[in-house]
Amino acid sequence: MKYVDEFRDGATARQLAARIAAEADPARQYRLMEFCGGHTHAIFRYGIPDLLPASVRLIHGPGCPVCVMPIGRLDMAIELARRPEVILCTYGDMLRVPASGRVSLLKARAESAAVRMLYSPAEALKLAQDNPSKEVVFFAIGFETTTPPTALVIEQAQRLGLKNFSVFCNHVLTPAAMHAILATPEARAGTLQLDGFIGPAHVSTVIGSAPYAPFPQQYGTPLVIAGFEPLDLLQALLMLVRQLNEGRAEVENQFTRAVTAEGNRKAKALTERVFEVRESFEWRGLGAVPHSALQIREAFAEFNAERRFALEPRTGLENKACECPAILRGAKSPRDCKLFGNPCTPDNPLGSCMVSSEGACAAWYAYGRQRQAAVEVAR
């Protein structure tokens, strides 16, 4: 199958891994962070860490949109869903994320809240048309990839004159969060050292490669945009190793079959028409990050659920035993959490990192435990 099988070829993967092992200096460390939930999943699924030399270490960043949602915003969504006049709809993974007191949208639905799962924002628009006596609120989440579809339905709602449709906007921005990662307390203290970034795939198809230029310029941190297949990731890792060996810090694009420098101009223009950048936004694990999220422009304010329902900011209560915030910062791994595997599992998630398949904990639970057990048996 074109563009799938050829990027999963085992012989080529072994050749790339051998090249990385040959070129990686065993006397130094290569600490590389992926910033995409799809990459996290692929890294575990295809056993990429098992192919790398000990000097190349992969660190998982805040690339899972479900995982980075702060509990306070989820509390606000649950408050909305419990209003008798509201139907709240969102993507499936968000239904299971624990909020304050381990309440989730799924539990709120079991207690009679009108919560619907959808696959596309267009379904929310149709729901509003079919239920004129209800207030339909789309709980919008995600990075730049999922933002244009939300912008499109807001424009469509305005053209249709829909009075019972609004959006609770929680779209976040990748480059701002990457800046924040390099400014975390662990990074400043030197306990979290990052030598390079694996740039996100889907996000980069929208924003292009140009927005990553500040990372080599300001921080001396190289970045290579990679696709999702195992050969994509291995080639990107080899490119990062070569940059670091040569003392270079550049933005390189391994995923040339889908990513350009300028990105998707139409998608970016659509987003720009409907949204503007917030002054600040709270991220799980990172705290308040300046200019890291979007809000609905004044021209579309009638579709802003925060304004329509006069929602007040909430401070959520984190599970103190859950290490998800530190895992999202790259400061800890899933194995460092005492809840991991028991009692926290995909069937009983105590933190957001265990909910989505793109979360580091869920990916490690699905694929990493078996490899760890095999390593321990081999010892």
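Please read every residue number as a count from 1 along the shown chain.
In case you wondered, yes, glycine gets a Cβ from its N, Cα and C as well.
According to Swiss-Prot, the feature Fe cation binding site maps to C36, C64, C67, an assignment based on similarity to another entry.
Where Swiss-Prot records a feature, it is marked here on the structure.
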residue : record                 : CB count, 10 Å
C36     : Fe cation binding site : 28
C64     : Fe cation binding site : 29
C67     : Fe cation binding site : 30
Same chain, not part of C36, C64, C67: whose C-beta falls within 8 angstroms of the C-beta centre of the Fe cation site? Give them in sequence order.
G37, T40, G61, P62, G63, P65, V66, V68, L328, S356, E358, G359, A360
